[in-house]
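To start, the structure under review is shown below, and the notes come after it.
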Amino acid sequence: MAKNRFNQHWLHDHINDPYVKMAQREGYRARAAYKLKEIDEQDKLIRPGQVIVDLGATPGSWSQYARNKLAQGKKRDTQREGGIDGTIIALDLLPMEPIADVHFIQGDFREDDVLRQLEDVLEGRAVDLVISDMAPNLSGVASADAARIEHLCDLALEFAQNHLKPDGALLVKCFHGSGYSQIVEKFKQQFKVVAPRKPKASRDKSSETFILGRQLKQPR
């Protein structure tokens, strides 16, 4: 019974959520697009000509937002009509419906085959921005969940270290609670500038937050 009440409350909140309504109206696949939008507007992350990698991209709202932003900056005299000024590569273990001008690779980005596909698209270029909305399946056991969250952040940090330009940026989702300070410390070890971000589109009751790192301390 309690679970049913929880589901009813969640459904009511979801249906009446202004960001859900806005996403439906503007064609985004999830309200998460507005989290990236707010952070981007504050920190000017996405700019014309960039190479962007979206980790854990499915269902695709972050890639949609990045695609729309790069389409706005398109140089019409040099880019084909309908294209974008830049490159977006989305990766996920799960399938994702196609998005115009977005390269999607399904698989684990730690595996050689997936990395080869990524390198084929990059064509030797370094990455300007890595964005990660990855989140684990939470168990409700604080210590186990903290370890899973930290593991995903570690994967994003390692990917960024291997692929980012020296002045590139990494934005990841994490959660306040056990293990959060350790994640922040890892960011500080890797980046010159580190800042937490809590966009308004994150639900008030959620411990969800984002960490932004800029400028690698030891670029490869």
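Keep in mind that glycine also has a Cβ here, set from the backbone N, Cα and C atoms.
Binding of S-adenosyl-L-methionine is attributed by Swiss-Prot to G60, W62, D92, D108, and within the candidate set D128, D133, D145 the record adds D133 to that site. Restricting the binding-site residues G60, W62, D133 to those with a CA within 10 Å of the CA of K173 (active site, proton acceptor) leaves D133, listed by sequence position.
Mapped onto three states, the DSSP output places D92 (S-adenosyl-L-methionine binding site) in strand. Taken residue by residue with DSSP, W62 (S-adenosyl-L-methionine binding site) is part of a helix. Secondary structure of the region 'Disordered' (197-220) per DSSP, as helix, strand and coil residue counts: 0 helix, 10 strand, 14 coil. Long-range neighbours of W62 (S-adenosyl-L-methionine binding site) (same chain, six or more residues apart, CB within less than 8 Å of its CB): A32, A33, L36, D54, I131, D133.
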